[in-house]
Amino acid sequence: MLSKRVIPCLDVRDGKLTKGIKFKGNVDIGDPVETARIYYEQGADEIVFYDITASHEGRGIMLKVVEKVASQIFIPFSVGGGISSVKDMRNVLLAGAEKISINSAAVKNPSLISEGAEAFGSQCIVVGMDVLKVPVSKKIPSGYEVVIHGGRKPMGIDALWWAKEVERLGAGEICLNSIDADGTKNGYELNITSLIAENVRIPVIASGGAGHPQHMVDAVTKGKASAALIASIVHYGEWTIPNIKKYMQDKGVKVRIVW
Amino acid sequence: MIAIINYEAGNLTSVKRALDYLNIPNIITKDPTTILNSQAIIFPGVGAAGSAMSNLIENNLDKVLHQAKDNSIPILGICLGSQIVLEVSEENNTKTLGLIPGKCKRFSPDLKDQDGNYINIPHMGWNSVSLKQECILFDNIESKAEFYFVHSYYPAPEKNFILGTTKYGLEFCSVLGKDRLWAVQFHPEKSGRPGLKLLENFYNYARRIKNA
């Protein structure tokens, strides 16, 4: 039986973590490789790097980070942010990532999903979706609209329709981020998570809103997600991955407890 | 020295990175002499059975692998490598290496998990292995350890070749082998410490028999 996955997400800019991360001990706070290694050793099931680098030079630095991570961390990890061509995907995968995550680029150019799936296999292609709760309308029957550019640009696309579409195009996974819940620490947006998870046959990763391990439990039970993305809850040291997993296990969720 | 067979099937470097990390000497190669003179062989693979088989045949590596088995060189197949050691794959109805009797099947989308939900295909994520026979690859690995799987097809060898099984919609064979040939459906190189331990166990076995 598959375990539900707990996936810390690290934001990286020009090869450095953008948020301070509080660990005890002598950890260079700005180093994504060292931070990823710590999460790996603490039992993270996967790691997501979100590269918010804008410059060409920064992109090169990010590939070096990916290479370093791949030589020290032996769990799957994905890289997202700014990937907009098959060539970008290839560079990241060759550097050692298992998966690449595309978001805005997939909305603007959906064939990128199928091209990526064809070139590298569906299992490599994670489509990130940012969604915003809106009034139900003819155009947006699910009541959730796809937005891009970090939530700044509504696209007039229904979230459920888009989820089915990315599955049809060959995505291997959907990472569903609720803009409403993101950063609130009040829990994941369970309505749209379960609606999408019940209507596609690819895994859905819940993202946005985690503030307590109960939220992860809810995401994988009520929300029907296969995995839960976490960030500040672990970055600021309120909870550790082993504590989170212990909590989830005590609530009857199957998680990986030996690593 | 472990020879990692290079037949242009997916991410060979992840296996190499794991072996490098473990300080296990290794080389990615398609050269028959290097392969047949190695202490052990890892036969990885990501991708489709059909194209993998044509690449193997094109490079004569099908014969080299049979020769290696006949020479009793320890072999470890990984992922697609665990399917292609069988006789035939349902994937593009491909005739495969036939090192182990049996075939490779596709997960049926009608399968349901223990909660009654249809399974997702591919089977992707962390799952456990229940050993059915003794297997030195699992020495000093906790029985609750989990491994990272990504696959839509699974090995279905003859019963006496089944070393371990995993549950996903059904109970399928995730570890198979006989004598010095093993194959695992999961990715040990991506399975954290238990996976690294498995690779280490494989190499240590190869070293022991070489020195024996």
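Glycine is no exception: its Cβ is also placed from the backbone N, Cα and C atoms.
Look at TrEMBL and you will find B:CYS79 tagged as active site, nucleophile. Counting only residues at least six positions away in the same chain, the Cβ atoms of B:PRO44, B:GLY45, B:VAL46, B:VAL150, B:HIS151, B:VAL184, B:GLN185, B:PHE186, B:HIS187 sit under 8 Å from the Cβ of B:CYS79 (active site, nucleophile).
Under the three-state DSSP scheme, B:HIS187 (active site) falls in the strand class. Residues annotated as active site in TrEMBL: B:HIS187 (among others).
Its Cβ placed at the centre, B:GLU189 (active site) has 25 other Cβ atoms within 10 Å. According to TrEMBL, the active site annotation covers B:GLU189 (among others).
Under the heading domain 'Glutamine amidotransferase', TrEMBL lists B:5-203.
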Starting from the Cβ of B:HIS187 (active site), draw a 10 Å sphere and report how many other Cβ atoms land inside it.
-> 25
B:CYS79 (active site, nucleophile) - helix vs strand vs coil (DSSP) | coil
